[in-house]
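Notes for the one structure printed next.
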Amino acid sequence: MHHEELILTLCILIVKSASKSCIHRSQIHVVEGEPFYLKPCGISAPVHRNETATMRWFKGSASHEYRELNNRSSPRVTFHDHTLEFWPVEMEDEGTYISQVGNDRRNWTLNVTKRNKHSCFSDKLVTSRDVEVNKSLHITCKNPNYEELIQDTWLYKNCKEISKTPRILKDAEFGDEGYYSCVFSVHHNGTRYNITKTVNITVIEGRSKVTPAILGPKCEKVGVELGKDVELNCSASLNKDDLFYWSIRKEDSSDPNVQEDRKETTTWISEGKLHASKILRFQKITENYLNVLYNCTVANEEAIDTKSFVLVRKEIPDIPGHVFTGGVTVLVLASVAAVCIVILCVIYKVDLVLFYRRIAERDETLTDGKTYDAFVSYLKECHPENKEEYTFAVETLPRVLEKQFGYKLCIFERDVVPGGAVVEEIHSLIEKSRRLIIVLSQSYLTNGARRELESGLHEALVERKIKIILIEFTPASNITFLPPSLKLLKSYRVLKWRADSPSMNSRFWKNLVYLMPAKAVKPWREESEARSVLSAP
């Protein structure tokens, strides 16, 4: 007797568990603002009180780190037996969840969908069902998961309430198509929540026989290119057991390069009717495939329909006049734009180089072992008629190049200790400099500066250890005697000083800095000097 009761109890448990079957889904979609719960399949509560089966829950973050959930994690998240409940679920709850009992681990990815304010349901949570016309349409609103908490239930069609009783049982009509939403009102801890389940009902034609028919024109020409692969696609409206096949009207139809793709027959339902498509494949089209009938046929014992395809050589069209004209116009405009860009680059070459030096922080002075960035050669004697030249060399140049741009100049009167051998000292200082700046004037060559000039020219033109920058304080055409070697200097290394070039943004100073070595030293600036380099210090 005890054995029979045990078998009966087991049968009841099997039937009960079957009625509440559990399917594990790794991806779950829910809508924000509704109650939801997670429960692993195949785990039940302990049979005896002395058994321990502690369920632990974890939530993953974007950095794949997991934190354990508890009663303090959120007032909306509760634990009941082996269930993780959300009252309700919100957007911030989206993520990966893991349950663990001993060595048993289950995981889910929870995707929370934002509620559509203009609809009573979310498109991502809609299930679909096809119903044949004049067959039973049965819709019942049930939610066994919250059965004990549901207080009210409503049934909507396309978001309009249609029935006081949440149930439909009738013969389906085409007008019954639509979105049916069951809305359950659930109360929990004094708060009311709504749960929505929506199904999309599509009413289709009955499975009565239709007359088989090929879709589209009865004859179709298809342009092809020799050597290319081609596919012909034929579609038909038919019944489930109708014949549907390709045939070739050709004496030798056993070409292995022409194959009917039997595995890729595609079927679908449209307006309640069954449709299918078949593909005929050609590998590397040749002349033999052209102007031949390839027939697609659908048939049953009552009717037959055929469509013919003919392959013809595709004509390569000439370039339309407007396309040719447009292409030429684009080409001309591109050429003009390129020329303009080149011209602008030539005109603004100095500005572009200085900009590049500034952003790249290039420094050409780090590894050459030299002490000075430039040796300034100028008229040493300050007579009233040469005062402007002298002031320019010993005051203006250092104030701009040293204070504004961070260069280190060698000024003879400032940096040379008196009493040494002048010629040897000058030669040594020029060797330690990266540039030789010559301030050329009418009196320059008649002065002792001639020694500096000869030494610098030797370094520049013979040993190629230094580059010369010539500043014409007096136009060279007004100088009676000019060494031939100076005439060998490239024109861009000859700068002409004008009294109207006080601003540091003037072309003279930009060209001078361009000819100086690139240096990444951040200059020390005085705002007053930035306005006018000729102002008194």
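Glycine is no exception: its Cβ is also placed from the backbone N, Cα and C atoms.
Of the listed cysteines (Cys159, Cys182), only Cys159 is recorded by Swiss-Prot as the disulfide partner of Cys120. Within the set Cys141, Cys219, the cysteine that Swiss-Prot bonds to Cys182 via a disulfide is Cys141. Disulfide annotation in Swiss-Prot: Cys296 is bonded to Cys234, selected among Cys219, Cys234, Cys382.
For the annotation N-linked glycosylation site, the record in Swiss-Prot points to Asn189 among the listed residues Asn189, Asn478. Asn194 (N-linked glycosylation site) sits 13 Å from Cys141 (disulfide bond), taking the Cα positions as reference. Secondary structure from DSSP puts Asn189 (N-linked glycosylation site) in coil. Annotation: Asn200 carries the greatest number of neighbouring Cβ atoms among the glycosylation sites Asn71, Asn189, Asn200 [cut-off 10 Å, Cβ to Cβ]. Of all the disulfide-bonded residues given, namely Cys182, Cys234, Cys296, the one with the smallest number of surrounding CB atoms inside 10 A is Cys182. There are 16 other CB atoms within 10 A of the CB of Asn295 (N-linked glycosylation site), with all protein chains counted.
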